[in-house]
Each structure stands twice: as structure tokens, then as C-alpha cells.
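Just below is one structure, and these are the notes that go with it.
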Amino acid sequence: MAKRIDHTGIMVRDINASITFYEEVLGMKLKDRITHTNGVIELAFLGFEDGPETEIELIQGYSSELPAEGKVHHIALLTDDIAAEYTKAEKMNAKFIDEEITTLPNGYRYFYIEGPDGEWIEFFQR
């Protein structure tokens, strides 16, 4: 069962400039930075302290087509059993964006479904 909102993914053009902004202007700390398994997408997770708060995920390389106001890519719900969430979504006939659960190099696992208005919802396991 999903436990809380884990992070919000924001698509960015320049991940280094965005990290600097979130650190220097907003006072956030870089918690993790990885290259996706596809070798193209760069991800950075930022938060305020070492507590279990909702984080910001910066995403570079997903799409070069960003509107001037930026783009929220998805919301992520934290789970401690990603396989059970996947099975539940299948049983509920959810529209899947991912055909399988993806495991990132740092061990994080995720998959996406669409909400009723096309919004992307990620189930995420740390």
C-alpha cells in the first residue's frame, strides 16, 4: 500500500543550474544524483534535511520540449512493496506507462500509471 508522497519530478533543461538554484536559493540539499539505466536521463533528488520529507526530483534529458513555465513530470507515491502495487494496478485495469518495474543503479524501483486526466503517477520504492 502506498504510504506517502515521496517526490515530485520536475523536468529541467540544465540539471547543474537547477541543482545550484534549489541549493542556493531554496536551501535544499542534494541527496542523490544518478544516471538512469538508459544512459541519457540524469536524475537529482533534493530535500531539506535527512528526514523522510517529500523530495524534488530534477529530470534532465527526458524531453527537450519544455514550456516556458517548466513542467511537473509526475508525482511519486512511496511504497514498501512495489510488486504488490503493480499487481493491484493491473487488477484495477490502470493504464500503464511502464510495461514493467524498473530498477535504477542505486536500487530504487518504480513504475508509472496514468490518472484519469492523463497525469503521471509513479509508485516508488527506495
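The first residue you see is number 1, and the count goes up from there.
Heads up, the Cβ atoms here are built off N, Cα and C, so glycines get one too.
Look at the domain 'VOC' (4-126): DSSP puts its residues at 20 helix, 52 strand, 51 coil. Annotation comment: Swiss-Prot describes 4-126 as domain 'VOC', evidence class sequence analysis.
The Cβ of His74 (divalent metal cation binding site) lies under 8 Å from the Cβ of Thr8, Gly9, Tyr112, Glu119, Trp120, Ile121, Glu122, each on the same chain and at least six residues away in sequence. The divalent metal cation binding site annotation in Swiss-Prot covers His7, Glu42, His74, Glu122.
The most densely surrounded of the binding-site residues Glu42, Glu122, judged by C-beta neighbours within 10 angstroms, is Glu122.
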